[in-house]
Amino acid sequence: MPNVFQNLVSCKRVFRELKMAAYNGGTSAAAAGHHHHHHHHLPHLPPPHLHHHHHPQHHLHPGSAAAVHPVQQHTSSAAAAAAAAAAAAAMLNPGQQQPYFPSPAPGQAPGPAAAAPAQVQAAAAATVKAHHHQHSHHPQQQLDIEPDRPIGYGAFGVVWSVTDPRDGKRVALKKMPNVFQNLVSCKRVFRELKMLCFFKHDNVLSALDILQPPHIDYFEEIYVVTELMQSDLHKIIVSPQPLSSDHVKVFLYQILRGLKYLHSAGILHRDIKPGNLLVNSNCVLKICDFGLARVEELDESRHMTQEVVTQYYRAPEILMGSRHYSNAIDIWSVGCIFAELLGRRILFQAQSPIQQLDLITDLLGTPSLEAMRTACEGAKAHILRGPHKQPSLPVLYTLSSQATHEAVHLLCRMLVFDPSKRISAKDALAHPYLDEGRLRYHTCMCKCCFSTSTGRVYTSDFEPVTNPKFDDTFEKNLSSVRQVKEIIHQFILEQQKGNRVPLCINPQSAAFKSFISSTVAQPSEMPPSPLVWE
């Protein structure tokens, strides 16, 4: 273990690793090696089956129902527990607490961003006394939170990992910057914020907390706390890790389970892609990044924006300039991801939206006029000018040995050109291909079922929906930036009523200054502009 004593962060990490190795040594040397691996590579996908609950050496996700196994609680150091309690009481900097869950090594931060520089890491670990917001609402009872490293960029915001000073758990902190630039961005952020607080589903990322806003005159950014996930499907697909058919089934099951819930709420995600499917070290998957999500428009005469969906996962109706689309666009994206999980490469990897459409018709054949009824004239003309193509769907069997008859059958129901004939999330979940994924998820991964001494007690509803739907009528009455700012400010304060001690960021810390200056989405992450058909 080189460079152990470079700074406080590396010291702590190595000490934690040594203690965990010593603890895991009681179970097996292999387990210690497996743990070490966790720091330096993507989280190894453990086969998703029963032993998770029974082997403490498998890192349970901090947010999971069995967050800390009784055995683990007993063996994690009493000093750390005391420190966490003292810190919560004395409002110490959260960087000092040691949650049980190991964080990745500095320099190994997941996500496109590099780890924060060493001095920032060190600053994050240094003790900072609680800083009372001069404009805060509860100055006497507020805890500071410190960002420690960037872990990713969404469509509209930066995400850092932090430690919650109230319980020492590692969580993710999303910064929504430049919220109040104009009315459009205000509305979009308010919609995303309301969605994050509305969602109550294990396969959809939701807000655990929102940081205390300053006085309204100083209110420019919003910080949302969510569960911290170790990886995402993009990192897993491009990694050398083998993916068993069990993994594919359990991932696809969870994507569709989350999507059925979103669609039941009347929400279109509009940017389903592997990078927006977060995965923790137990293979639990959550759909995230609702920066582009919106409520489904049932009035066909109302136009919808085409600034959606990363190109490779973009449904043909959007590529063809349709002004009205349904939640079937999300199912198309899932079909592309399903094929990518099987073949470990992007299914339709085109250089431009026109080429994207051409690759789709190469596979599906030339669509009928009926299937193109919502397309704009220029797009139809492009298809009709070209040669007539026959479908070549059997090529999907060559994706991998896991592309079985059942897998390809379900895939072909998702990759249908005509959105009205594409399978729904609800019907896809009833497909026999997903039976094993459902069983695996509910026997050892979910929070909705539980084990007793006599066996497993299953929930009455494996794939729940939401009632009532998400209501976006609040947007109709938003007319000025100042008005929305006041409404959002009030909304955040209401979310915190009766909640735990409010959290705020310590603006004096170096890590915070780095977080503040971190940029929004990298250019490559932004969805490309839509094609303008002549």
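Glycine is no exception: its Cβ is also placed from the backbone N, Cα and C atoms.
Per Swiss-Prot, region 'Required for interaction with TAB2' is recorded for 8-311, 441-534. Taken from Swiss-Prot, the feature region 'Sufficient for interaction with DAPK3' covers 8-132, 131-423. If you look up Swiss-Prot, you'll see 29-79, 97-147 marked as region 'Disordered'. According to Swiss-Prot, the feature compositional bias 'Basic residues' maps to 33-61, 129-138. Annotation comment: Swiss-Prot describes 145-434 as domain 'Protein kinase', evidence class sequence analysis. Taken from Swiss-Prot, the feature ATP binding site covers ILE151, GLY152, TYR153, GLY154, ALA155, PHE156, GLY157, VAL158, VAL159, LYS174. Annotated active site, proton acceptor per Swiss-Prot: ASP271, in sequence order. The phosphoserine feature in Swiss-Prot is assigned to SER529; the stated evidence is similarity to another entry.
Taking the region 'Sufficient for interaction with DAPK3' (8-132) as a whole, pLDDT averages 41 in the prediction. Straight-line distance linking the Cα atoms of VAL159 (ATP binding site) and ASP271 (active site, proton acceptor), rounded to a whole number, equals 17 Å. Reduced to three states, the DSSP call for ASP271 (active site, proton acceptor) is coil.
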